[in-house]
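Peer 1: Straight from TrEMBL, here's the annotation block:
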| type | residues | note |
| --- | --- | --- |
| DOMAIN | 18-226 | domain 'Glucosamine/galactosamine-6-phosphate isomerase' |
| ACT_SITE | 68 | active site, proton acceptor |
| ACT_SITE | 134 | active site, for ring-opening step |
| ACT_SITE | 136 | active site, proton acceptor |
| ACT_SITE | 141 | active site, for ring-opening step |
Ligand code: F6R
């Protein structure tokens, strides 16, 4: 079932996302969180840091598994997703750093190890997702076949262009990434999909109301029992 929440401001967007994650941690301090990078969750993470500082939420017993990572960037590269997570969230809250996991894009073997790690961890309690303009979730790009477990993918040109804003030039955007597969994403107990901005309106409508197809990986969320979607007015404009 998909429950859509439309909000009226950036502040409400961030508060709503952070509020859902904070309530989960309040009722289950040992929650396993699936986390995302990109522009969408930055303000949500800022709000979570605030809630932590105010004593509203603690991550001491929580653990986290990120969706994806570029292939070929060292962990300390300014654009690596490990670095993003440390800088935007982990360094500012009380989560033990050893409880945080970001897949390594170094090899197929590392991808397989991440799958085993996820299996051992058990079910993710809440998976946070953004959505790409082409309907990707994680880096599961539109394709005839989608993969269940963590695997290495070639990034779509559209994805590389969208992410070029963080790199000095498009040539420096990696061509490949490692990503949790659709199977693992759909196994999460709850999914929190967030999108903002008019540029996401079309894909959000397609994903939530269009046909369920591997050509729009986010449309597979329609098959999940517990999805909450948080949209600003612009991203929800075509619903
Ligand atoms: C990030 C991820 C991607 C992004 C998506 C949207 O870990 O898995 O699927 O969520 O590309 O990115 P933004 O939020 O930058 O629009």
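Cβ atoms are placed via backbone N, Cα and C, with glycine included.
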Peer 1: Measuring Cα to Cα, how many angstrom lie between residue 134 (active site, for ring-opening step) and residue 141 (active site, for ring-opening step)?
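Peer 2: Answer for this pair: 7 Å between alpha carbons.
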Peer 1: What are the sequence-distant neighbours of residue 141 (active site, for ring-opening step), meaning same chain, six or more residues apart, C-beta distance under 8 angstroms?
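Peer 2: Correct list: 132, 134, 153, 154, 155, 156, 159, 217.
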Peer 1: So which of 68, 134, 141, listed as active-site residues, have a Cβ under 6 Å from an atom of ligand 1?
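Peer 2: The ones that qualify, in sequence order, are 68.
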Peer 1: Can you tell me how far the Cα of residue 68 (active site, proton acceptor) sits from the Cα of residue 136 (active site, proton acceptor), in Å?
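Peer 2: Residue 68 (active site, proton acceptor) to residue 136 (active site, proton acceptor), Cα-Cα distance: 12 Å.
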Peer 1: Give the number of CB atoms, excluding that of residue 136 (active site, proton acceptor) itself, located within 10 Å of its CB.
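Peer 2: Its Cβ shell of radius 10 Å holds 26 other Cβ atoms.
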Peer 1: So, in DSSP terms, is residue 68 (active site, proton acceptor) helix, strand, or coil?
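Peer 2: Going by the DSSP assignment, residue 68 (active site, proton acceptor) falls within a strand, counted as strand.
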Peer 1: If you count the other Cβ atoms within 10 Å of each Cβ, which of the active-site residues 68, 134 comes out on top?
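Peer 2: When each Cβ's neighbours within 10 Å are tallied, 68 tops the list.
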